[in-house]
Amino acid sequence: MFTFILMFYIGYGIDFNTWVANNNKHFTAVESLRRRAIFNMNARIVAENNRKETFKLSVDGPFAAMTNEEYNSLLKLKRSGEEKGEVRYLNIQAPKAVDWRKKGKVTPIRDQGNCGSCYTFGSIAALEGRLLIEKGGDSETLDLSEEHMVQCTREDGNNGCNGGLGSNVYNYIMENGIAKESDYPYTGSDSTCRSDVKAFAKIKSYNRVARNNEVELKAAISQGLVDVSIDASSVQFQLYKSGAYTDKQCKNNYFALNHEVCAVGYGVVDGKECWIVRNSWGTGWGEKGYINMVIEGNTCGVATDPLYPTGVEYL
């Protein structure tokens with residue numbers, strides 16, 4: 001038994017060195033010992049989960065050497081009150097499955113880094129997708145500026161790298177438009193708003209999907225990408241690798257939502273109907289940046305507060 005445990009730790013210790021190299025991490029000797037211990041702790045969580053669940057966890061991802069508390073400090077979606085906005089009932093028959101990636105209407109996965117700017121990435125991913133669907137363009141080259149929204153939406157209620165809401169991003173874009181990434185590149189840190197950038201795209205408004213209504217959310221996704229918010233606080237989400245994700249620990253009430261992402265489709269995974277959700281933590285997390293979240297029971301709140309831009313246009 002001792003030999004097995006020793007081999008287990010040595011094995012994951014070797015993996016820790018690989019993880020450090022793959023993720024370009026640089027630790028002092030003391031910090032490296034601490035991170036290795038956390039990595040080994042997470043490796044035990046992975047092994048236990050993967051014996052019990054059909055969805056898989058991994059220590060390959062960017063948060064493998066973080067405690068769950070450290071990881072949670074990165075989740076900075078701000079909820080200050082019940083949001084208002086038009087709820088549009090589409091009342092259409094949605095197809096059984098939709099995946100906008102297969103239609104070339106989803107831009108590449110982005111990485112928000114250590115900046116609490118998920119609210120910009122979720123909302124802008126939905127906008128980019130809707131532009132491609134409604135106005136055309138190249139999904140590989142279309143890249144709107146998250147930096148523009150991080151630095152310039154404070155007067156709309158956001159707080160830079162310390163969190164915000166996608167609805168505030170849409171309010172800003174309605175009035176001022178949004179620049180291209182090449183004109184206002186992402187830094188992952190707080191700075192002042194530049195007034196010299198040219199807007200590249202704009203929206204007329206945005207709609208909310210009826211809360212906790214999975215039929216209406218499917219209808220909305222069948223017409224384009226949708227900005228959604230979730231409770232991403234559990235260690236299972238932190239270490240997610242693949243499969244149909246369900247989580248008994250996560251919550252789905254409005255004030256528990258702490259991370260903004262983007263739904264790009266839905267379909268069946270491992271025999272379970274799932275939302276296809278795009279994250280903003282790079283391609284090293286999850287299924288090359290995506291997670292399949294089980295629809296039944298509103299897993300982690302995907303259907304709690306969805307919204308999407310309308311009247312999208314290039315300028």
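Numbers run from 1 along the shown chain.
Heads up, the Cβ atoms here are built off N, Cα and C, so glycines get one too.
Swiss-Prot lists 1-13 with the feature signal peptide, giving sequence analysis as the kind of evidence. The feature disulfide bond is assigned by Swiss-Prot to Cys115-Cys161, Cys152-Cys193, with similarity to another entry given as support. The active site feature in Swiss-Prot is assigned to Cys118, His259, Asn279; the stated evidence is sequence analysis.
Overlay of Swiss-Prot feature records on the structure.
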residue: Cys115; record: disulfide bond; DSSP class: coil
residue: Cys152; record: disulfide bond; DSSP class: helix
residue: Cys161; record: disulfide bond; DSSP class: coil
residue: Cys193; record: disulfide bond; DSSP class: coil
residue: His259; record: active site; DSSP class: strand
residue: Asn279; record: active site; DSSP class: coil
Residue among recorded positions Cys115, Cys118, Cys152 with Cα closest to the Cα of His259 (active site): Cys118
Alpha-carbon spacing, Asn279 (active site) to Cys161 (disulfide bond), which is rounded to whole Å: 17
Least Cβ-crowded entry, counting other Cβ within 10 Å, from the recorded positions listed as Cys115, Cys118, Cys152, Cys161, Cys193: Cys193
In sequence order, the recorded positions (Cys115, Cys118, Cys161) whose C-alpha falls within 10 A of Cys152 (disulfide bond): none
Cα-Cα distance linking Cys193 (disulfide bond) and Cys115 (disulfide bond), given in Å to the nearest integer: 16
